[in-house]
Ligand SMILES: *Cc1c(COP(=O)(O)O)cnc(C)c1O
């Protein structure tokens, strides 16, 4: 027993160091990391460019507060605006804070420019938006919200992918639609491109804001800088985090000028958010991910992973019954009688780190720098586990 609150079901394993796609224990055991700290270590562990940025900034200045200008913030915001639909950026420290910022912006926008009675947000079954009371209400998932009543008011839920249900739910109080273009925790389900395009149309028709939660699926994970780019449409607000800090806590809320105009000085804030250290690392992550050719490589290795997983599906139909997700954000749906968490444990024993997701899905989230050979090595371990699981 230790003095930590018992909020996590941890396995009895601690790592001492990491290098690229590998993690090492103090006694020298090596693990191939297809969990990436839950989609956080986008550039793997100890990436030289990120280490250099951390050390260089660490020697100069860590924190000043948002009472002053922070050049690293201005630079990162400009780069994000140039690379996306957005004009304005707010920096927070985590995914849920980026989501919270977006939901507050939705309410403030309608309060300032439209109709203050419009505050309700349509969100989706199977979604995950983080662990604050607002985010729990947004997801509406009993698994996370049980015991935390009363729920924050103002969220309605529809089946993920059902546009008719969305249309039917829209009322005079509806302010926005909030969706993950690829659901992560809920089971690695990618929205159909037509569904995302349909949501954009519905929002335009009814004067609603469209907000994407790309905390997990953003920053190159699906092979585009942001996952919604596959659909050729843009949101009004987007929350991202995880990969953008490469392991340093960093959350970002992006918005168009029209919407962000609702935030005036004093309307929102954070003490730590956007500090010089976080900004140095965020900028260093972008140096790599936005470099010409980087996302092409992600797509090439993702295509290889895709092909190799389809082989697995053919070889082990009693273990794996489907492939979900996009790019390097993949989920293997486990067969009835196979438990995803048991497979995670089994794979860990073989030296491969993965994560469970909802709906009995095994998540594969390798660092974006993963090579074809490392994918092959993961597939070998998945095949070994599947062969054992079938025998059990
Ligand atoms: C992880 C996650 C969050 C919450 O991020 P935190 O950094 O844990 O607060 C929100 N939305 C999605 C889609 C996520 O995957």
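Note: Cβ is positioned from N, Cα and C throughout, glycine not excepted.
TrEMBL annotations:
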- 128, 213, 214, 215, 216, 271: pyridoxal 5'-phosphate binding site (BINDING)
- 131, 270: N(2)-acetyl-L-ornithine binding site (BINDING)
- 242: N6-(pyridoxal phosphate)lysine (MOD_RES)
Query = Cβ-Cβ under 8 Å from residue 215 (pyridoxal 5'-phosphate binding site), same chain, 6 or more residues apart: which ones?
reply = 95, 98, 99, 129, 130, 180, 184, 239, 240, 241, 242, 251
Task = Go through the binding-site residues 128, 214, 271 and pull out the ones with a Cβ less than 6 angstroms from some atom of ligand 1.
result = 128
Query = If you count other Cβ atoms within 10 Å of each one's Cβ, which of the recorded positions 131, 242 has the most?
reply = 242
Request  = Sort the binding-site residues 128, 213, 216 by C-alpha distance from residue 270 (N(2)-acetyl-L-ornithine binding site) and give me just the closest.
outcome  = 213
Ask   = What number of additional C-beta atoms lies within 10 angstroms of the C-beta atom of residue 271 (pyridoxal 5'-phosphate binding site)?
value = 9
Request  = Translate the DSSP assignment of residue 242 (N6-(pyridoxal phosphate)lysine) into the three-state scheme.
outcome  = helix
Remark   = In all the protein chains shown, the tally of other Cβ atoms within 10 Å of the Cβ of residue 216 (pyridoxal 5'-phosphate binding site) is 28
